[in-house]
Amino acid sequence: MGKVKEISKRKLLGIAGLGWLFDAMDVGMLSFVMVALQKDWGLSTQEMGWIGSINSIGMAVGALIFGILSDKIGRKSVFIITLLLFSIGSGLTALTTTLAMFLVLRFLIGMGLGGELPVASTLVSESVEAHERGKIVVLLESFWAGGWLIAALISYFVIPKYGWEVAMVLSAVPALYALYLRWNLPDSPRFQKVEKRPSVIENIKSVWSGEYRKATIMLWILWFCVVFSYYGMFLWLPSVMVLKGFSLIKSFQYVLIMTLAQLPGYFTAAWFIERLGRKFVLVTYLIGTACSAYLFGVADS
């Protein structure tokens, strides 16, 4: 067996983190593009709902398919495939003129997004020591806020002046970055060292075994709640604000402020997580999120 190629933690975090950033940029762009689409295509509320939903359905399918595939062909290969899938799909949406074709492409983009996020996290977590894994993974996820920030800035300056099509073309840039990854990113050490790969059935059985069953159920519930609240807020906020009478520009400004507020949350969590413990930090931040969401819901100004 050949020698396992190594990479510095900082470089690995930067490469994988940019993947997260591009993911977030695409999802963030969708929230702003939906507002412009409703105006340009005269979409109903139900049709808008389909755009948001089909993306999430694609993410669920992609997470399952590419998660299985990453155990077969490696994290690096799937990382590149998923980046290319959602990047090229995003660029092609600029050419669509019908809702049906837009939905097909958003499903494929969602598959790429859903596959890339867990695979990138796995690649990073398998490449760092256990004592700093929590901090590194949180720092990886902090790139998500950076992606939303870029999406908000592109949308603010590009969509009102040049249209949503140009914004979607700009989100296709990661396809070039994916080609660069092929030559510069090693696979995770754990994947390279494993000689006998477990089957799909064996993997599924392992997470539902007595040792991991409770943790699996709790993580499913936790992620359902997190994704439901996060996407429910950020994906629909620009559209809701426009419906409330705010201008397109004003709605973009408001989301930009909320996006900036994510950054201190990520960085403080990364600092606390290895000092106070993962569970304590998670519960504390979830309570803070719940309180903030309630206050946001009852705000009248």
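Glycine is treated like the rest: Cβ placed from N, Cα and C.
Annotated transmembrane segment per TrEMBL: 12-37, 49-69, 78-97, 103-124, 136-158, 164-183, 217-237, 252-273, 280-299, in sequence order. What TrEMBL lists as domain 'Major facilitator superfamily (MFS) profile' is 12-301.
Cβ atoms under 8 Å from those of the transmembrane segment (49-69) belong to residues 27, 30, 34, 37, 43, 78, 81-82, 99, 102-103, 106-119, 200, 203, 227, 231, 235-236 of the same chain, restricted to positions at least 6 beyond its ends. The stretch from 12-37, 78-97, 252-273 that makes the most Cβ contacts under 8 Å with the transmembrane segment (280-299) is 252-273. Non-local neighbours of the transmembrane segment (78-97) in the same chain are 16, 19, 22-23, 26, 29, 62, 66, 69-70, 105-106, 108-113, 115-116, 119-120, 123, 164-166, 168-169, 171-175, 177-179, 181-182, 185; each lies 6+ residues outside the stretch with a CB under 8 Å from one of its CB atoms. For the transmembrane segment (252-273), same-chain residues at least 6 beyond its ends with a Cβ under 8 Å from one of its own Cβ atoms are 28, 31-32, 134-135, 138-139, 141-142, 144-146, 148-149, 152-153, 155-156, 159, 234, 237-238, 241, 246, 281, 285.
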